[in-house]
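Record features (Swiss-Prot):
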REPEAT    133-173  repeat 'WD 2'
REPEAT    225-271  repeat 'WD 4'
COMPBIAS  442-456  compositional bias 'Gly residues'
DOMAIN    459-563  domain 'PH 1'
COMPBIAS  613-636  compositional bias 'Low complexity'
COMPBIAS  651-701  compositional bias 'Low complexity'
COMPBIAS  709-721  compositional bias 'Low complexity'
COMPBIAS  854-873  compositional bias 'Acidic residues'
DOMAIN    871-969  domain 'PH 3'
REPEAT    1138-1241  repeat 'Gelsolin-like 2'
REPEAT    1293-1390  repeat 'Gelsolin-like 3'
Amino acid sequence: MEYKSIEKSIVRESKVRNVFSKVCKKELFYTNLKVNSASEELLKSSKSLFAYPSSIGGGSCLSITKLSNHGKVPDTPFCIKGHTDPISCFEFSNFNDYVIATGSRDCTIKIWEVPEEGLIKDNLVTPLITLPKQQKRVTGVYFHPSVDSLFMSSTLDYTLDIWDLSSTGEQSSVIQKLTGHEDLIMSVGWNTWSGGDKLATSSRDKKMRLYDPRSQSTPIQTISTHEGAQGFKLCWADSNGLELICTVGANKSAQRQLYLWDPRQLQSSQPLVSKDVTTDSSILSPYYDFGTNMVYLGGKGDGIYYYEIEKNNAHHIGKATFGNVTQSAITLLPKSVVDVNICEIDRFLRLTAANSVEMVSFMCPRKSQLFQEDIFPPCPSGDPTTDCSLWFADKQLKVIPHTISMKPDGVQSIYEVSEEEGGKSKEKDKLEQLSKLSIGNSGSGGGGGDGDGNGGDSPFITEGIVKQEIEGWLFNSYENRYLKIVKDKIYCFLNEDSAQAIWDSPVLNIKYVDIYDEDENTSGEEWSLRFNIILLNGKEHRMECSTVKQRDAWCQSINAYREMKQQVDQSVVSPTMGEFHLVNTTPVAPSPMVISENKNALQKFSVPSPKEQQQQQQQGSESPNSTTPKSSTPTQTRHHSVLSRNPSYTSLKSSGGFSKPSPSSSTSTPPSTFASPLSIAQTSSTTTTTTTTTTTTSSSSTPPPLRANNSTSSTPLNSSTGIKQSDIVIEGNLTELIPGLLWNSNTEKWYVVSEGMLYSYKNKSLKQLDPLETIHLEKAISAHKTKEIFTIQGFSFQLSTPNRIIHLLAKTKEERGSWLSVLRQNLKSSGETKPKSVLTRASTMDELISSPMSDDESNTNEGGVEEEEEEQPLEGQLSRKLPGIFSMWGQCFVALLAEDLFVSRNKLSTTPELRIQLSSISLIKKISPNEFTLYDSMNQVVCNFRTIAPTAEFDDCTRWIDGLEAARKRSIDIIKMFGINEKEVLSPLPSSSSIPSSGSNGNLLDPSADDLTRYLDLTAIKNGKQKILIQVKGKRKIRVRMVKLSTSSLNCHNSFILDAGPRIFVWAGSKTSRVNKAKALDFANRIRTKERGGKSTLIQLDQGRDEQSFDFWEILGGNSSDPIATTPTPEEQDTESIKTTIYRVGLDVKKNSLRARLAWEGTDWKLPNKEILNTKFVYVVDCVTEIFVWVGKESSSIQRKMATKVALVLQAQKDRVDWTKITRLTEFGENNLFKEKFANYPGMLPISTTRQEIKSHVATSKVEHKIETLASRMTTPFIDNEALFTIPIDEGGRVKVWKIEDYEKIDHPQHLYSQFFSSDSYIVLYTYMQNNKEAHVIYYYLGRDSSINEKGTSAYLTVDLNESLVGACVQTRVVANKECKNFLNLFKTKMVIHKGKYNNYDPKKPSLYQVKGLDKIDIRAVQVEFSSSMLNTLHVSILRTPEKIYIWHGKFSLDAEQNSALSIAENFNSTSAPIEILKEGSESNEFWSAFESTGGRQKYFNDIMIQSSSIPTSFTYKPRFFVCSNASGIVEVTEESPFSQDDLDIGSVCILDVQSHIYLWIGSRATHRTKRASMEVVLNFIETSKLGHSKEHTKVLIATPFEEPIGFKSYFRAWCTSKYPKNKLPLVEKDGIPVEQVLKDYLKEIYTYEELLADPLPAGVDSTKLDTYLNDEDFEKVFKMTRTEWLKIPAWKREGIKKELFLF
């Protein structure tokens, strides 16, 4: 068997190869900049600011602009003024966005702090720190990326000064002066992500220098680089396993070049990689992105080049160009500013030649909505790791920046979602990264590969067959074992199918991996194939591989997993490299840099002698860290930082969002001259030997000495599983059946499922110790319910592995369902089955039980008895012929589990006696009526079984044979059966084998002449290049299939469809039935409309009548005189059946292999259901004369290629007709011919004469609620649970309002923010702080009279606005008169709604507003019709005239309304008109004269109406509104709050309850049942109400639509008649009718025949049941039969009789 490894694609895989650039919109440009273009540096930025040298003051000023202030910069921008000569260099601090350092030609260096409150104050002239004046001009200023107060400056004396800024002002001193440069220093770079202790510089003397500034002032390495006279610039690329230096310069021919150097191997004068970039003359600067290993090159010119860096290559991805607008400078913004929601990986500022600054974003296209953590690792938080004094004191201290996650709140990471759902495995990601970095390394384990990383095998292996040394009595032997690495453990199994390991060990408990030294290998080749795994406790596992390559792969893989799983503790060097760390793998002498770095470590780390190693093994775990040096960090006082926003170093230790900083000296790295953990190549300088436990081996020779294959000894961990609670999917108590010799026992254990493993413990308290046993669920075969296993109460189920059966018992049915659901997701076959819903990880069972499994069990399994389950595996008691001379028969229990047949002694057995894999069975033969035999592929007997004797009612033997045969067919791998080479599928298909492009299949090749003979191309058919003939055949079962394109296919009994693209012919035989013709015509018409968009012409032809269509006969290759077949007849066709077979091609994600299995088999008499097709698979549908390849949307490319191979093999079968073609279809792009192959495909033709399958999914009729139940709903008051979080505008709420106009959002005038117009729609953005972050709510407000277009526009513009915002955002739809409380709170006591549109608004026109509401938040003014009839004594009204504003207080209006009315009137009083307050009854003539234009003083709902009522009105009762409807099939009563006039629906009955009155507004289209029920409910409610209702104090009135009484309308906000039908105007108000008068008509049950013929019908009569109102005597006279005889007549016939008698 070939060992399984991580596959490497032929095409170079890259996460960023499709990165593209995008310039921001013009409105986000920064313009009107006055830049001193003569300055050496032109542009720098922080997260909040950007700076540029200003031309003001002769270049001695530095202009600062906020990144949030887009647009035109003021003519006099904010500047830093403090130098007398032009500024030559400047740099922002890494720890404070508002701190910047400047250097000038006046030889001064100053540190400034820009005020955070804004840049509108006076210019900044007082620096924070002024350093001592230099002797020569300052050329550069730099901050350390991790160390606080460490500052550097370079001058024209060609030195680099390092300052400690802890002591402020002139006391700041140079603590180190780096010398050795011979010309101007052009750039400086720190190894930010690999320790922060090395410094590289580039100089105009064409040399690069490396410094260890804490050890010496002179360079530890100097190397010549680019030959160009202009010099070069550099940066470090030292994240994600890289440790490189990138330099960008030019050669003598002015060709710009990119070099990659290994800082550990600089003794070679040649770079690792050299790439030509461009011939432009400008100097390019490199910018490194630590998250994606990309390097951007840019400067003065016309673009930005970007490369992806690998260990041995730099891949050019692209160039960002900007047309004719050239740039003067660029700067990379901090990583934390990018928008991860749109996959923006980097953002630059670009200073153009037109003195404007543009933002340029680089984006990586990803479709998923998940957080793409693989390209967005934690970024620097902006806080220091340590300070200057501590860093200089400890020369072994390595520091990296503090990091914080970039994941937005509420978004899942791509690593938190399964691969089946579009997620990624972090483990695989890291291993693939390690694989890329290892390719090309020296040594036998490297695996090779070309320079581009486009080929070669991966050096990593995850599972495979090896041999292990097994101790024997006389000698040891090597036996086959199956080794596998899973997560953080290595497991050794007896074979590949075993579910329980022989031994296992955490990878961190492996001390090292040894191989035998090749130089000492004198005993033969066998030693070169072996490696030893030595554990920390001294235990050793000796393994042997089949090849050296496999041995090397295992050694490197184990070490890679060890490095990747190192805990992030006090020894972490970098959060990016904390999971793995690469050391030097090249067998050359160490560079001076390495010697300097490790000169002290060489004394602390030495290779232990054999005696020392033996002592260490004897000590075991007593002193596991004996070789680990202790931290020697001195204790010093932390000085206060003047630069950092967070000066407290100790506070950072408890900062949960940051990576923990610590000195690396706590666990120092041994010298890099040791062997790499990822390479087993022997170096020339080190050969380590160890002694091992002496054992007797099968070879007489002595093994050569072992060579250590690692560089560090890991810290031992607890040998327990160390399961994290967050990784646990399910856990709980289960009872396991333990068989015994005499009786069985039931043992309770604590089971845990985590990361594909099932662990068992004695109890929960021992969960952190070693488990009793570990079962790999991916090796398990089946998990299903059982019965009659346990004798105690519970719900049993069974987990089956290849060599064991585990019987378990849960306490509840729901608990068992949850366990089965989890177990089945991890089974052996789950990798290719339909994915289940992902369970939420939880620590308790209650949280897991979300949807119990369907089960019809109704008892609690007392005595182990359950009811019959819906799906029971094939199992039972059989007799098996035992092997032996006498061939005896023995009883056994046989169960078919998945694709395996388990034979056990009895049902309670836990170990099967025999396991038969059905994939190895070639024949199941029935020997006798109750005996059958299984044969293998060699026709050898596998097993004989005997069943009970068959009876007339039951044949058990046939049942077993049919069940086993079906399972055997499903187990066959079609790929192997057809002899398809799976490796060929992984390579690109040749063009001759490519399926042609068709419709939605644009990613395939264009069809060639050969393609059209083998494939059906839907596009070619549409264009007329291909033609097909379709037959519609059958009588009882009409079927559609494709036949040969020839006149010989025609039959006089059938219809045929000739699809010629632009023309579709329908030819009907002379004896074709009408049903057959109808289906053919319908099918052809569907092709025309659905597939051709109605552009094809439909031509109908009948045999013997329309024979002059020469085109039809020409296409078929014949003429109308050709004889037409008369056989087979429709009856004979019905006896025919065409076999249909569906194969499913799946990808087993667990084994990374393809599987093609039989999914369905039958004939066209019983078609499969569409649900068999799953989007994650590809299906090959074989219909004998047609072959379809159906491609699921979520299937992989290799699945699609394999399906094509399977289809081609099927097409090439000998018994296949030569005109069979293959059609490729994508999901949702199926053609009509394919849909006809399924029974229930949407859009299938309904014409069929066969009996349809009876489904059990018929909706059951609902039971009507009792009147008392509906009435009780009205007694429960409505409670508004909306929590208030908004802040009104007047109190500081941040609100922005837009109005929708011409499909765009237009800024609403700010002074009208609380005023809206009923014919407009709006978007209101509210911004607030949530958890110290900005959050947003977008309300899109739909005016009551706004158009549908405006309402739709507001919705999609809200989505656009949401996408442009940063932070949490919620979208809320707000409808007029039903506004939510938080929206109203924004405009508290200010909100006004005017009639009409804003553009037509005339503030001088007289208008009337109704002020209504329950409290200050709910109160608002709504404009009503300008008529005195709209006044309401219950509320306040505002009358606005050009001369004066009147506030009219209704006699019974609320105080809150009266107070708010004044505030509202002042709000829209734009003309400063006087305001007069009037009370009802004391109005002036001037007030009433304002209404003269609309009829003057009219009747309105006044105090007299209330006082004259016989029933007193309650003014404290809140009106309530209910809707009574039977839309759901039964009568329901629901409360609406808030309610409005728009809730009145003519198809329902609406109930308005104001306590003193209850109005029933009966819609004209409400059903009879609803009307009657609503009246009965109200009357019952009054009798049972505890809210103050009673028959004496509550009057129930019926209101008619469009004739509502004035009292009814007065309780609605701003009642209007604008939406009334024109035939109902002018209004006629009618008083309400007492409900008792109406209800008595509905309760009347008997009417005469003459009364039922009246038009209109009597009130209360149900027009659909007129026959039920006749008494028995009249009924017999009218219908001439009794009611009993009437009910026996079918319903459809009864309707016809009723129509004849006009009772309908």
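Cβ from N, Cα, C; glycine included.
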Along the repeat 'Gelsolin-like 3' (1293-1390), what average pLDDT does this model show?
-> 90
With DSSP helix as H/G/I and strand as E/B, how many residues of the domain 'PH 1' (459-563) fall in helix, strand and coil?
-> 24 helix, 47 strand, 34 coil
In the repeat 'Gelsolin-like 2' (1138-1241), how many residues does DSSP assign to helix, to strand and to coil?
-> 22 helix, 38 strand, 44 coil
Looking only at the repeat 'WD 2' (133-173), what are its DSSP counts of helix, strand and coil residues?
-> 3 helix, 20 strand, 18 coil
DSSP-assigned states of the domain 'PH 3' (871-969) in counts, ordered helix, strand, coil = 17 helix, 45 strand, 37 coil
Reported in the order helix, strand, coil, what are the DSSP residue counts of the repeat 'Gelsolin-like 3' (1293-1390)?
-> 26 helix, 43 strand, 29 coil
